[in-house]
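According to TrEMBL, the protein carries these features:
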type    : residues                                                       : note
DOMAIN  : 11-179                                                         : domain 'Flavoprotein'
BINDING : Gly17, Ala18, Ser19, Ser43, Ser94, Val95, Arg96, Thr97, Arg129 : FMN binding site
BINDING : Tyr159, Arg175                                                 : dimethylallyl phosphate binding site
Amino acid sequence: MMIHRPERPCLIVGISGASGAIYGKRILEVLRDVGIDSHLMLSQAARVAIAAEADFTPRDVEALATVTYAPKDIGAACASGSFRTLGMVVAPCSVRTLSEIACGTTASLLTRAADVTLKERRRLVLMLRETPLHLGHIRSMAAVTEMGAIVYPPVPAFYARPTTLAEMVDHTVGRVLDLFDLDVGLSHRWAGVRAETGA
């Protein structure tokens, strides 16, 4: 873990227990590479999910972050609105995490940080990983959207013609970071049918 320097921009990254921790890991890698500090919270469920599906460990993920917090660290900097950030991304975002944010239930540091991000009118992006959806899920998505969050399901962009999983992840990560006005050069920019096909 590195040391956060207040003069550097900072993005909060939450990784919940939904499938797809690779998105959070890749975001952390990109932020490190472009010189933006990251404050990470990894839920206990995320640790279980990583062990089940990934070829990396929770420790590998934590090593990429500038600062890492325990799930119940109520004294964390990002638990206060006076701590300035670019916003927060939850990658991936489980339905449980979505529902807690929608209801203002701050049962963990991750959901507290998301709540603070909303109350301070900063950008909150939730990479919801769930399908199919029932009405309760859709209502929670509507609720967080009304509060100012952006629900961003990590849907592959086939117009970019990805040939590997890494390319699909990179395009999605690039589009997510676009939402924080960070152009990290990972996304294929659609230039129109004529430019794309030569028609």
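Backbone N, Cα and C define each Cβ position, glycine as well.
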Identify which of the binding-site residues Ser19, Ser94 has its Cβ surrounded by the largest number of other Cβ atoms within 10 Å, counting every protein chain shown.
Ser94
Between Gly17 (FMN binding site) and Arg175 (dimethylallyl phosphate binding site), what is the CA-CA distance rounded to a whole number of Å?
22
Could you give the Cα-Cα distance between Tyr159 (dimethylallyl phosphate binding site) and Ser94 (FMN binding site), in whole Å?
27
With the FMN site defined by Gly17, Ala18, Ser19, Ser43, Ser94, Val95, Arg96, Thr97, Arg129, which remaining residues of that chain have Cβ atoms positioned within 8 Å of the Cβ centroid?
Ser16, Ala45, Ala46, Ala49, Pro92, Cys93, Leu98, Glu130
As a test of the contact definition, list every same-chain residue at least 6 positions from Arg129 (FMN binding site) whose Cβ is closer than 8 Å to its Cβ.
Ala18, Ser19, Gly20, Pro92, Cys93, Ser94, Pro153, Pro154
Round to a whole number and give the Cα-to-Cα distance in Å for the pair Arg175 (dimethylallyl phosphate binding site) and Arg96 (FMN binding site).
24
